[in-house]
Amino acid sequence: MKRTPTPAAQPNQWPMVVAAGLILFMINIDVFTVATVIPAITADFQVSPAAAQWAVLGFTLPAIALVIPAGTWLTTVGRRPALLLSVGGFAALGAGVALAPDIGWLIAARFLQGGFAAITFVLLPLIAAESVAPALRGRAMGLVFAIGPAGGVAGPVLAGLLADQFGWRAAFLLNLPVAAAILAIAARRPRTAPLRAPDRSALVQVAYLLVAAAAALTSLTLAVEIDPVWLSLLIITVPAVIAWLRTGSGRDVRLLFGAARAPLLSLAAQSSVQLVLLLMIPFFLTRELHADQTQVGLPGMLLAATMAATSLAAGWLTDAWGARPTAALGMAVTTGGAAAFAFLDPAWTLGDVLWRIAIVGIGVGLYAGAQTAMTLAATPPHLVSTASGTLSLVRQSALAVAPSLATLAWGLAGYTLAGMRGVLAGAAAIGLLGFLALAASGGRAPASQRPRVRDRATS
């Protein structure tokens, strides 16, 4: 496909960078809203907690399966119409969830919403990276990751307030004003290539990935809730993944791992560490420190707040020092914070937990934008959309796998404090591997020395 370099004189489009940050803000609000209102959904529809959890799993399944095909599709369409479609569809289906008459309707709406979310996941780093000169890419990513985590702080508070005052349905309307702001920014951009339907090969790829994702999610869910023997279902994923790897997008992903192996492996490690901490710490607070629900929610909010506070400075550091050393520093700080949790002690206070989680948040803030910039800088121009989809695939896969495996490991240890320490020590070891992957990697030319190149459809 012919690609056209973007003129060097094109001005930086910081409103589009803000729009990318608002996309992340919107997604974070959604994630925390669902976690907050699942008990209310369970009571309202009179279903089991396992059935209500499909409000999460139904969203996660397409969010995993569609990101790579979405990246391929985005090479053929303009950014502007794709952004309008994905954000508008996401917001409309959020309203559909609020209107759900039963659990089946709600799960179906969440499934479709996850499909639109997959497109926004891919668009987010592309929009931020393409809207500014390469020398400013670190600052652009820093701004995105400064705005986005605020949704993790605001989400639980606002969702809880709305649910208390107006019922759980109102909480799903939180995204409407954020989506309206994104759409207003996007609508002001020049028209680009129109939308077009994906071709048949893309639908085949989606089918392979849906089978693999469904088998993996079902296997992990049943293994945690019933018996580890259900992990045997993971065998179903093997032929589906092999078949997908033989498709065009599968070959592209293999090429991408050759070019950007270190940042992608480190992302899998960093995401796993963060998710395991957010899973284990609430159990420690409730079981050992007898904390109330407000206190239990503080670590997650503090992590998001410290990440947001660090991200802007991290963006400047990325542009001045380089993406790889900044990401490696962030990975080291994150791993150090996780290692500090491996010595959990019932004599700790809430403050002992919070200062450790603040260290992790600083590390994530240093890491997130730099890792994204590093990945895009290492990616051949024709694979940029695939790289963006792969970033999301790695994050979403960690979200599906890491908490389940951590819970299984803790269960095998009898759900004891010693078992919890072991799980957290394992998370720190994974973080160390992520750091070593970055530290040992070489680097391509820094982003500031490489031209901006877009897909033809975006020009």
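Sequential numbering from 1, following the chain as shown.
In case you wondered, yes, glycine gets a Cβ from its N, Cα and C as well.
In this model, the domain 'Major facilitator superfamily (MFS) profile' (16-443) carries an average pLDDT of 92. Sequence annotations record features per position, and here TrEMBL assigns domain 'Major facilitator superfamily (MFS) profile' to 16-443.
Under the heading transmembrane segment, TrEMBL lists 54-75 (among others). Note on the transmembrane segment (54-75): residues 1, 34-35, 38, 41, 82, 97, 103, 106-108, 110-115, 117-119, 121-123, 126, 198, 202, 205-206, 209-210, 212-214, 217, 221, 248-249, 252-253, 382, 385-390, 392-393, 396-397, 399-400, 455, 457 of its chain, located 6 or more positions outside it, place their CB under 8 angstroms from a CB of the stretch.
The transmembrane segment annotation in TrEMBL covers 82-101 (among others).
Residues annotated as transmembrane segment in TrEMBL: 107-128 (among others).
The transmembrane segment feature in TrEMBL is assigned to 140-162 (among others).
As annotated by TrEMBL, transmembrane segment applies to 168-186 (among others).
Residues or ranges marked as transmembrane segment in TrEMBL: 206-223 (among others).
The annotation transmembrane segment is assigned in TrEMBL to 229-245 (among others).
The transmembrane segment annotation in TrEMBL covers 265-285 (among others).
The transmembrane segment annotation in TrEMBL covers 297-317 (among others). Proximity of distant same-chain residues to the transmembrane segment (297-317), defined by a Cβ-Cβ separation under 8 Å and at least 6 residues beyond the stretch ends, is recorded for 28, 138-153, 156, 274, 277-278, 281-282, 285, 326, 330, 350, 353-354, 357-358, 360-362, 364-370.
Same-chain residues lying 6+ beyond the ends of the transmembrane segment (329-348) with a Cβ under 8 Å from its Cβ atoms: 266, 269-270, 273-274, 276-277, 280-281, 284, 288-289, 314, 356-360, 362-368, 370-371, 417, 420-421, 424-425, 427-428, 431-432, 434-435, 438. Among the features that TrEMBL reports, transmembrane segment is placed at 329-348 (among others).
Per TrEMBL, the feature transmembrane segment maps to 354-377 (among others).
Counting residues 6+ beyond its ends, the transmembrane segment (398-417) has Cβ neighbours under 8 Å at 60, 64, 213, 216-217, 220-221, 223-224, 228, 267-268, 271-272, 275-276, 279-280, 284, 287-288, 344, 346, 423, 426-427 in the same chain. Feature annotation from TrEMBL assigns transmembrane segment to 398-417 (among others).
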Would the transmembrane segment (168-186) count as touching the transmembrane segment (82-101), i.e. at least 3 C-beta pairs under 8 angstroms with sequence separation of 6+?
yes
Under 8 Å, at least 3 Cβ pairs, sequence separation 6 or more: does that hold for the transmembrane segment (354-377) versus the transmembrane segment (229-245)?
no
State, in range form, which of 107-128, 229-245, 265-285 has the highest count of Cβ pairs under 8 Å to the transmembrane segment (140-162).
107-128
